[in-house]
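**Q** Sharing a structure, written as structure tokens. Questions coming.
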Amino acid sequence: DYYEILGLEKRWLSTPDDIRKAYKKKVKEYHPDHFKKTGENGETTSGDDTMFKALTRAYETLLDERKKLCYDSSEPFDDSIPTYSAPSTPLTEEEEQKRFFSTFAPVFERWSKWSRSFPNVPKLGDMKTSFEELERFYVFWSTFKSWRDFSGESEYDESTADSREERRWMKRQNDKINQKRKKEEKKKLTDLVELARKNDPRVKKKNEEIEQERKRKEEEKNKRELERILREEKERKEEEERIKKVEQEEREKKQKEKEENERKQQEKTQTIKRMREMCDPYLLLLMKPVKKQDKMTNIRPEDVEFKQQTQEQKKNEKQKTSEWNHEELSLLAKAISMFPGGTPQRWIKVAEYVKTKTPEEVQQKTGEIQEEKKMDEQYNINNQTNNVDSSSSGTENWTALQQKALETGIRQFKELKGDSKWEKISEIVPGKSAKDCKERFEYCRQLALAKKNNK
């Protein structure tokens with residue numbers, strides 16, 4: 001034992017200075033000159049130099065860094081890995097902790113001598129060690145770097161080789177053995193670290209905390225997800241209720257509009273019916289063509305009187321909505337021609353053209369005129385079958401709108417004389433010429449005269 005010979009108690013931790021000092025001290029004690037003997041014949045003989053030679057070998061070996069490394073690596077070392085199975089009897093938490101530290105702390109302490117970082121090697125610690133320090137400990141030992149050299153266990157002495165080729169072959173064989181020993185050492189350290197980490201009460205405690213935190217987060221996540229689902233379900237139901245409510249209101253609104261339209265249509269139908277009942281006798285009389293020689297004789301006073309009553313009734317009916325002057329009626333007739341049926345927003349455009357009436361008023365007035373026109377056409381057909389002699393007369397096919405425009409024109413241009421008067425009047429009577437207007441006027445005048453004569 002080289003360290004024991006030199007008296008180095010620090011052994012493999014001894015520095016070169018420690019080795020030199022110890023060698024000088026021992027040399028003085030065991031140098032052969034100190035053991036010279038003088039024989040009977042006066043000859044001097046040297047003492048026993050065995051110890052001195054051992055000192056010299058120990059000094060030369062330990063002072064050489066490479067040789068010292070090989071020597072230190074070859075020293076006896078317990079590199080066994082402890083077994084750590086479950087105890088036969090249950091232990092308390094404190095007893096289990098003591099059992100763990102008493103088992104593994106000495107093992108890591110023993111293995112720490114091979115670390116290149118020695119003496120700065122992390123300790124196993126205790127239950128008060130922080131988890132960060134504990135992580136550094138296991139990372140250090142998982143990546144343990146050893147200075148241990150197994151070349152002392154080489155099978156071949158390269159110095160005894162007879163040739164360079166033989167020396168290379170010996171080196172390759174020795175390297176294989178050295179690499180095998182390194183792998184075995186690393187395997188033992190890996191098993192040691194895994195076994196310790198698996199049974200470390202601090203790691204178990206941390207894992208339990210992590211698992212509890214994971215479960216807590218998972219529960220919170222599930223809770224938030226459930227709340228989200230419930231919230232979305234509530235919002236969905238509210239949206240469905242809102243849509244149902246809107247649809248119900250829309251249906252009710254449409255139903256009310258439908259009922260209102262039906263009511264208006266019924267009122268309109270009843271009004272037209274009443275107007276037809278009131279106007280039929282007069283229209284039959286007015287639209288019935290007669291021979292020229294019978295114009296005066298066929299007119300009865302009661303017919304003229306009925307005509308006046310009917311006109312008053314119609315006038316009252318029209319005033320219920322709004323008064324239409326001749327200019328508005330003329331604009332309405334032109335607008336209806338400009339914007340025929342099927343035109344988008346027709347009544348809005350007609351109202352904009354007339355300017356003084358709303359879309360509803362122009363639509364209502366147009367309906368009344370069309371209804372009167374239909375009745376006029378029907379009467380014209382009936383009259384034509386009775387008498388075709390007057391088919392070319394300018395007094396036929398006059399609508400209420402045209403008659404109204406004619407009366408307005410006569411009042412407006414009463415100061416004018418001759419054909420110019422009838423030209424001006426025809427400009428405001430839609431669809432009639434100056435000749436038609438003049439003939440119509442003569443016809444109406446004859447009716448008035450007949451009434452006067454009958455009185």
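From the backbone N, Cα and C atoms, a Cβ is placed for every residue, glycine too.
Keep in mind that this is a model prediction, so the values were computed, not measured.
Features from TrEMBL:
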DOMAIN    1-75  domain 'J'
REGION    159-272  region 'Disordered'
COMPBIAS  161-178  compositional bias 'Basic and acidic residues'
COMPBIAS  186-267  compositional bias 'Basic and acidic residues'
REGION    292-324  region 'Disordered'
DOMAIN    316-365  domain 'Myb-like'
DOMAIN    390-442  domain 'Myb-like'
**Q** Give me the mean pLDDT over the domain 'J' (1-75), rounded to a whole number.
**A** 75
**Q** Could you tell me how many residues in the domain 'Myb-like' (316-365) are helical, how many are strand and how many are coil under DSSP?
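**A** The composition, in the requested order, is 33 helix, 0 strand, 17 coil.
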**Q** Please list, for the compositional bias 'Basic and acidic residues' (186-267), how many residues fall into helix, strand and coil according to DSSP.
**A** 81 helix, 0 strand, 1 coil
**Q** When DSSP states are grouped into helix, strand and coil, how many residues of the compositional bias 'Basic and acidic residues' (161-178) land in each?
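**A** Split by secondary structure, the compositional bias 'Basic and acidic residues' (161-178) comes out as 15 helix, 0 strand, 3 coil.
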